[in-house]
Amino acid sequence: MSDALIRLEQVGVSFAGEAVLDSIDLAVAPGQIVTLIGPNGAGKTTLVRAVLGLLKPHRGKVWRKPKLRIGYMPQKIQVDATLPLSVLRFLRLVPGVDRAAALSALQEVGAEQVIDSPIQTISGGEMQRVLLARALLREPELLVLDEPVQGVDVVGQTELYNLITRLRDRHGCGVLMVSHDLHLVMSATDQVVCLNRHVCCSGHPEQVSNDPAFVELFGQNAKSLAVYHHHHDHSHDLHGSVIAPGAHVHGEHCKHG
């Protein structure tokens with residue numbers, strides 16, 4: 001992908017001799033939405049750290065567009081309840097940000113009403129929008145969103161997915177999004193990558209938003225959601241390692257003579 005914002009080539013990371021990521025190929029282009037899914041312990045957080053430049057891979061390479069501006073939205077933040085920190089002061093921790101810039105970013109995500117609120121008092125959905133506004137303050141070419149809809153109900157997920165799509169359209173930025181849901185993803189996703197230490201499979205989410213049964217289940221939210229069908233050609237054991245074809249895996253249903 002010649003116009004990629006970021007490209008990972010055969011990236012591998014090991015901790016204490018144990019492979020956490022193995023032979024990862026991944027690229028994100030301007031205007032493209034890539035959703036990364038996988039079970040707990042699959043290496044999603046490690047991959048994000050490599051993308052952000054917080055971790056140097058032991059193998060392979062990470063190429064970034066020169067002077068690439070990245071906006072990062074973490075899963076969550078912990079703020080001491082006794083710390084006198086308003087949303088405005090939190091956003092102004094980003095260098096060069098004044099009240100006007102903070103207000104503009106909050107307006108873009110629909111959260112301008114909380115600008116003077118103590119950050120500890122805002123709702124979970126409002127916090128997600130504040131974190132997204134903070135990511136936008138860098139005028140990013142690439143948005144990295146770590147489980148942006150975690151802990152949000154289906155209606156809230158739909159609103160956030162629609163917002164992310166509008167931001168992509170408005171700014172033309174690429175989006176790398178980590179999702180905790182293995183099957184239900186944002187319908188605007190261009191590519192889904194299933195990770196479990198290595199890339200198990202990848203492809204486009206299936207557009208099922210017009211299916212009557214899907215619409216009945218999710219109502220007006222159906223248009224923002226899509227189902228991703230995995231097409232693995234292998235299985236993993238409980239530790240994440242690939243099981244060799246024909247190998248026996250011990251479990252509760254084993255019968256030994």
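Cβ atoms here come from the backbone N, Cα and C positions, even for glycine.
Summarising the annotation, Swiss-Prot assigns ATP binding site to GLY38, PRO39, ASN40, GLY41, ALA42, GLY43, LYS44, THR45. Swiss-Prot lists 6-221 with the feature domain 'ABC transporter', giving sequence analysis as the kind of evidence.
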Within 8 Å of the Cβ centre of GLY38, PRO39, ASN40, GLY41, ALA42, GLY43, LYS44, THR45, which other residues of the chain have their Cβ, at the recorded ATP site?
LEU195, ASN196
By a simple count, how many Cβ atoms lie within 10 Å of the Cβ of LYS44 (ATP binding site), its own Cβ left out?
22
In this structure, which of the binding-site residues ASN40, THR45 has the fewest other Cβ atoms within 10 Å of its Cβ?
ASN40
What's the number of neighbouring CB atoms sitting within 10 A of the CB on PRO39 (ATP binding site)?
14
Tell me, by DSSP, whether GLY41 (ATP binding site) is helix, strand or coil?
coil
Could you pull the average pLDDT for the domain 'ABC transporter' (6-221)?
88
For GLY38, GLY41, GLY43, listed as binding-site residues, tell me which one has the smallest number of other Cβ atoms within 10 Å.
GLY41
